[in-house]
Amino acid sequence: MNIVVCVKYVPDAQSERTFNESDNTTDRVGVDGLLSELDEYAVEEALKIVEAGEGEVTVLTVGPDQAADAVKKALQMGADKGVHVNDEAIHGSDSVATSLVLAEAIKKIGDADLVLTGMASTDGTMSVVPAMLAERLGLPQVTFASELTVDGQQVTIRRDGDAASETIVASLPALVSVTDQINEPRYPSFKGIMAAKKKPVETWGLADLGVDASQVGLDAAWTKVESFTKRPPRQQGQIVTDEGDGGTKLAEFLSAQKFI
Amino acid sequence: MAEVLVLVDHANGTVRKTTAELLTIARRLGEPSAVFVGDGFDAAKETLAKYGAEKVYRVESADVTDYLVAPQAEVLAQLVEKTSPAAVLIPSNSAGKEVAARLAIKTESGLVTDAVDVQPKDGGGVLTTQSVFAGSYSVSATVTKGTPIVTVKPNSAAPEEAAGAAADEVVEVAVSDAAKTARITESKPKEATGRPELTEAAIVVSGGRGTGGDFSKVEDFADSLGAAVGASRAAVDAGWYPHTSQVGQTGKQVSPQLYVACGISGAIQHRAGMQTSKTIVAINKDEEAPIFELVDFGVVGDLFSVLPQATDAVKAARG
Ligand SMILES: Cc1cc2nc3c(=O)[nH]c(=O)nc-3n(C[C@H](O)[C@H](O)[C@H](O)COP(=O)(O)OP(=O)(O)OC[C@H]3O[C@@H](n4cnc5c(N)ncnc54)[C@H](O)[C@@H]3O)c2cc1C
């Protein structure tokens, strides 16, 4: 079983996130980053599948130099090898271009039985890259798995939807995105951290993938940010301490605001 | 006037409120044409007409309904080809975003997800507004390639009635084998709670770890207000409330008129799902809890005494 896990390097959600004034792209340089927490679930699930059977886990990321940290973390958790697509021209790419680069990299890695992703990135939260990847690779798309089993030539997932809990079956190779309900990602062990240092990481540019620079980056985007405005921070309103009348005061507020 | 395609969100013909919102928005951009996939058109027709759908493209093929999003994307791609619409509007739920994502690739069109507003742009095209980084920025964007494909969040427009003909046209679609590779083999419906749907509700009352697992006071208060009930991830992870009720980054993003957080500290990931609510209220024992930074009204106190008192007061006021 060859598994490719797509991971993203994202700004730390705890830090202040901003835009670049010059080109209206997300500022990924000025802030601390890390492996998107939501992708850790995909890495963990890949490791569990391989540990229960056999196979190899390749982590794939597209991003600037610092994104190597995301690959490193996944290798420390136990992935076998890494691929980092890094090219100046990629800066400012939207999900359409990112999915193109990922798809070409997955083809170049070759022989993937399963492509795993997180449910969303913790910064963009568009949740569209997995569907775009499936479309580009012509793979069955099974997203938002909160349980996953692979047997023989098929994958079965459970998806916890609003109206129903669904079981979805697809043949391999397939693309699966997993939720944060699926497992409890491991912390890298000391042994894992040491072992990661010797694991192979390949760095590819666009030329290695046969992708033309004109197909990616800000200028190739099919949408354009016209402007952005920082919302004024919410002003703290009235805070009362309950002295036996907190509920009454709350109801008075709601009534003054015409909610009741 | 160019058509604007609106993918109808419905359960066996019961049209959800988001569709009325999308049809209302579509009228700003052109002539609304609903795209109805699945059974129950007869039940849906009246609502679609009421909110101004001039045409309804009906797709009833089992090929489309038994499989996941890929066939719906193929249907829409064929309709985009046929009608050259001014825009395609799709509800911003998880399936809707995936349909939109695939449609964007198929038709080589720009995609905007989670829009909270869509307006016609001077000189043609659309201008969308999104709220990003946990609601701390508001972004306006335009589509520069192909047909604008926009997924629109619930509560982004007040539905306005406008009579439409809702003339239906059955469309035959060819769904490729590739689109039929993932199949739903079992579906266990959830028990109805009788409460409004979380993302559509005007009022949401949420409980967190502070409930200690007893959501009864939260539910009673929600019911007195006719509200939906939400939960923090801590409450969901503890098994106290279903995951589908989770509010936050990895749960639902809600934007109601009123959000009431009970026993929730206000972690950044929780805020990401509720920060754009119009009015925010919190009840928390700890006056230092970060949730108080965002509130319009806060009560420092025990939810087990504050909520029942508030519930009684609301019931009394409502008679
Ligand atoms: C990748 C990732 C994704 C996440 N996604 C989400 C998400 O989607 N949604 C989400 O909610 N969280 C999410 N989290 C978790 C988030 O970081 C917090 O851990 C979580 O929101 C805490 O839930 P809480 O506020 O209920 O619990 P706590 O932080 O433990 O807060 C409980 C609060 O209850 C108060 N309290 C206790 N007893 C009472 C009482 N009797 N009366 C009144 N107040 C009382 C306490 O003072 C405290 O402030 C995510 C985390 C990660 C890492």
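Cβ atoms here come from the backbone N, Cα and C positions, even for glycine.
Taken verbatim from TrEMBL:
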DOMAIN    B:4-188  domain 'Electron transfer flavoprotein alpha/beta-subunit N-terminal'
BINDING   B:Arg209, B:232-233, B:246-250, B:263-270, B:Asn284  FAD binding site
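Structure coloured by features recorded in TrEMBL.
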{"residue": "B:Arg209", "record": "FAD binding site", "DSSP class": "helix"}
{"residue": "B:Gln246", "record": "FAD binding site", "DSSP class": "strand"}
{"residue": "B:Ile264", "record": "FAD binding site", "DSSP class": "coil"}
{"residue": "B:His270", "record": "FAD binding site", "DSSP class": "helix"}
What are the non-local neighbours of B:Gln246 (FAD binding site), defined as same-chain residues 6+ apart in sequence with CB under 8 A from its CB?
B:Gly230, B:Ala231, B:Ser232, B:Arg233, B:Val236, B:Lys252, B:Gly273
What binding-site residues from B:Gln246, B:Gln249, B:Ile264, B:Ala267 have a chain A Cβ less than 8 Å from their own Cβ?
B:Gln249
Using a 10 Å radius around each Cβ and counting other Cβ atoms from all shown chains, which of the binding-site residues B:Ile264, B:Ala267 yields the largest count?
B:Ile264
Which of the listed binding-site residues (B:Arg209, B:His270) has the least company, meaning the fewest other Cβ atoms within 10 Å of its Cβ?
B:Arg209
Just to be sure I understand the packing, how many Cβ atoms besides its own are within 10 Å of the Cβ of B:Gln249 (FAD binding site)?
23
If you average per-residue pLDDT over the domain 'Electron transfer flavoprotein alpha/beta-subunit N-terminal' (B:4-188), what number do you get?
92
